[in-house]
Amino acid sequence: MGQHQHLNKTAESASSEKKKTRRCNGFKMFLAALSFSYIARALGGIIMKMSITQIERRFDISSSLAGLIDGSFEIGNLLVIVFVSYFGSKLHRPKLIGIGCFLMGTGSILMALPHFFMGYYRYSKEINIDSSENSTSTLSTCLINQIVSLNRTSPEIVGKGCVKESGSYMWMYVFMGNMLRGIGETPIVPLGLSYMDDFAKEGHSSLYLGTVRITPNDSRWVGAWWLNFLVSGLFSIISSIPFFFLPQTPNKPQKERKASLSLPVLETNDGKSQTANLTSRGKKITKNVTGFFRSFKSILTNPLYVVFVLLTLLQISSYIGGFTYVFKYVEQEYGQPSSKTNVLLGIVTLPIFASGMFLGGYIIKKFKLNPIGIAKFSFFTTVMSLFFYLLYFFILCENKSVAGLTMTYDGNNPVTSHRDVPLSYCNSDCNCDESQWEPVCGNNGITYISPCLAGCKSSSGNKKSIVFHNCSCLEVTGLQNRNYSAHLGECPRSDACLTKFYFFVAIQVLNLFFSALGGTSYFMLMVKIVQPELKSLALGFHSMVIRALGGILAPIYFGALIDTTCMKWSTNNCGTRGSCRIYNSTLFSKVYLGLSSVLRVSSLVLYIILIYAMKKKFQEKDANASENGSVMDEANLESLNNNKHFVPSAGADSETHY
């Protein structure tokens with residue numbers, strides 16, 4: 001008998017070990033797949049932010065419209081986030097995440113399609129300089145202007161071309177593709193985090209969360225913006241594959257789950273059973289909908305959760321708006337080409353962000369921080385991030401020297417406004433078209449809007465190596481070498497400005513690290529201040545608010561304010577305003593950095609309120625717990641006193657008397 005019991009215990013132990021092994025293996029597979037999908041998600045998001053400037057130029061649109069395109073990701077997410085968060089936790093979460101990754105990839109590929117429909121990119125619609133290869137011409141500026149006028153089409157033809165132009169609304173493909181990316185991304189965060197929190201060991205979830213004449217320096221340069229979206233799309237589709245082979249819960253293999261689902265089919269052969277089954281399902285759906293609204297009311301009446309949502313809205317709006325236009329900011333402030341900035345900041349962003357998230361989760365786990373401790377840790381990381389962000393104000397470069405925009409055309413005096421700067425005697429007889437944008441850099445270090453407005457009378461070379469000579473506006477500046485020439489492109493920034501750019505990159509690393517360090521605490525703090533059964537809904541509603549008021553609106557109002565700093569707009573074939581060619585870099589920096597700083601400081605005020613409210617709430621809980629404990633102790637003491645007079649029976653244990 002004893003041997004039989006021993007064998008049963010051994011079998012039960014072996015069965016238990018197998019279940020634990022299956023659960024461990026299933027969870028590890030899910031964690032690996034989720035990590036892969038997070039990389040795909042982050043890659044797609046970074047590529048989108050990196051491509052904002054190129055999208056503006058390729059489709060000839062303003063920053064505010066580009067911000068709307070960027071926000072379409074959040075619009076797609078917003079459409080389904082609440083329902084996916086609530087009902088998704090009751091369905092097959094790994095498969096939903098897999099479907100989401102596939103949709104993300106499809107959306108990225110859709111964003112690249114306009115490249116194949118629009119034809120070649122025409123970077124200059126304003127002017128067409130005809131310069132033969134390796135030739136030196138002695139054309140006067142007036143003659144150059146005549147050639148330009150001959151190459152211009154009549155207003156009637158321009159009007160017809162405007163109607164027939166196929167690329168006018170091609171940006172809608174990017175808009176819809178980015179929206180599809182947002183829909184696909186929806187299940188990854190709330191369902192992935194809730195799945196991890198359900199099946200990870202206690203205390204470990206925080207650790208798991210962690211041929212043309214323009215050059216790349218030209219403000220019209222676009223590059224192969226579409227190629228990144230193709231690569232990102234394929235990567236996202238590949239990341240979706242593992243999720244379709246994972247069970248709904250890690251302790252049940254796929255075959256066992258299918259077998260359990262097939263059993264009810266045998267029991268519903270007769271009509272009565274099917275009717276009862278349908279009635280039961282209808283009641284279950286009604287119960288789910290009613291439960292949804294009750295749960296929704298519960299989180300909205302939780303003051304800690306509401307304050308947390310507001311402060312993260314302000315903080316993440318600052319991050320979203322800042323990161324959306326950081327590449328444009330670096331290009332305008334430090335004169336670095338977008339291609340170089342994209343690669344440099346792209347290489348820096350992913351490893352720094354990942355290491356910060358991992359370390360933040362490790363610190364929370366290592367020191368076993370309670371909810372108040374997590375809130376204080378998050379507050380600390382926010383303060384440090386803001387400190388490094390404010391340092392950007394001390395490493396700004398001087399404003400660009402552009403004749404006709406920031407200074408007079410003769411290059412001797414600054415102007416108070418870039419609007420309607422009068423022509424100078426050095427170019428007033430040239431009959432120049434002031435709307436064109438073909439910047440040249442004079443050897444006096446000043447950028448001119450066009451060769452004509454620089455007063456240049458001859459040119460040599462071809463395409464990128466064109467040099468303009470005898471530029472009368474350069475003579476006024478008093479050059480000693482009497483070489484009054486200019487070459488195509490804007491003048492580069494000074495060496496001192498380049499040094500400041502390297503300081504910017506170093507500070508950016510520290511700023512990004514502290515921002516990521518507190519990233520894990522957001523999710524951990526959120527699930528600690530709501531009831532355990534509401535964590536999926538809390539995560540989903542938080543994402544909805546952040547995406548609606550932060551992800552959608554932040555790029556738009558950041559872009560609209562940035563548009564106000566534009567000094568020179570392009571003119572498209574329809575004669576309407578296109579994309580911005582050059583910004584007032586000083587004003588751009590103040591608007592960009594100032595708006596983000598105001599949002600961050602406001603979030604810190606709400607952090608202080610949250611920590612104070614959390615302390616008060618938990619102190620009340622401790623007081624109530626101690627009061628209840630004392631009442632129970634008094635009841636137990638009274639019970640013991642009553643038992644002192646108890647006389648045990650003869651068969652009672654001798655140890656029961658006092």
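Every residue, even glycine, has its Cβ placed from backbone N, Cα and C.
Note: TrEMBL annotation is automatic and uncurated.
Taken straight from TrEMBL:
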- 29-52: transmembrane segment (TRANSMEM)
- 30-614: domain 'Major facilitator superfamily (MFS) profile' (DOMAIN)
- 64-84: transmembrane segment (TRANSMEM)
- 96-117: transmembrane segment (TRANSMEM)
- 225-246: transmembrane segment (TRANSMEM)
- 304-323: transmembrane segment (TRANSMEM)
- 343-364: transmembrane segment (TRANSMEM)
- 376-395: transmembrane segment (TRANSMEM)
- 420-475: domain 'Kazal-like' (DOMAIN)
- 501-525: transmembrane segment (TRANSMEM)
- 537-558: transmembrane segment (TRANSMEM)
- 591-613: transmembrane segment (TRANSMEM)
Honestly, do the transmembrane segment (343-364) and the transmembrane segment (501-525) touch, with at least three Cβ pairs under 8 Å and pairs 6 or more apart in sequence? yes
Who are the long-range neighbours of the transmembrane segment (501-525) in its own chain, taking Cβ under 8 Å and residues 6 or more past its ends? 193, 205-206, 209-210, 308, 312, 319, 330, 334, 336, 344-345, 348-349, 352-357, 359-361, 363-364, 371, 374-375, 377-378, 380-382, 384-385, 388-389, 391-392, 395, 539
Look over the recorded stretches 29-52, 64-84, 96-117, 225-246, 304-323 and say which has the most C-beta pairs under 8 A to the transmembrane segment (591-613). 304-323
Who are the long-range neighbours of the transmembrane segment (29-52) in its own chain, taking Cβ under 8 Å and residues 6 or more past its ends? 66-67, 70, 73, 94, 97, 101, 104-105, 108, 178, 181, 185, 188, 192, 195-196, 199, 208, 225, 228-229, 232-233, 235-236, 238-240, 242-243, 246, 250, 323-328, 342, 345-346, 349-350, 353
By DSSP, what is the split of the domain 'Kazal-like' (420-475) into helix, strand and coil residues? 7 helix, 11 strand, 38 coil
Go through the chain and flag residues at least 6 beyond the ends of the transmembrane segment (225-246) whose CB is under 8 A from any CB in it; none is fine as an answer. 26, 29-30, 32-33, 36-37, 39-41, 43-44, 47, 50-51, 54-55, 58, 94-95, 97-102, 104-109, 111-112, 114-115, 177, 184, 254
Long-range neighbours of the transmembrane segment (64-84), counting only residues six or more past its ends (CB under 8 A): 45, 48-49, 52, 55-56, 96, 107, 171, 174-176, 178-187, 190-191, 324, 537, 540-541, 543-544, 547-548, 550-560, 563
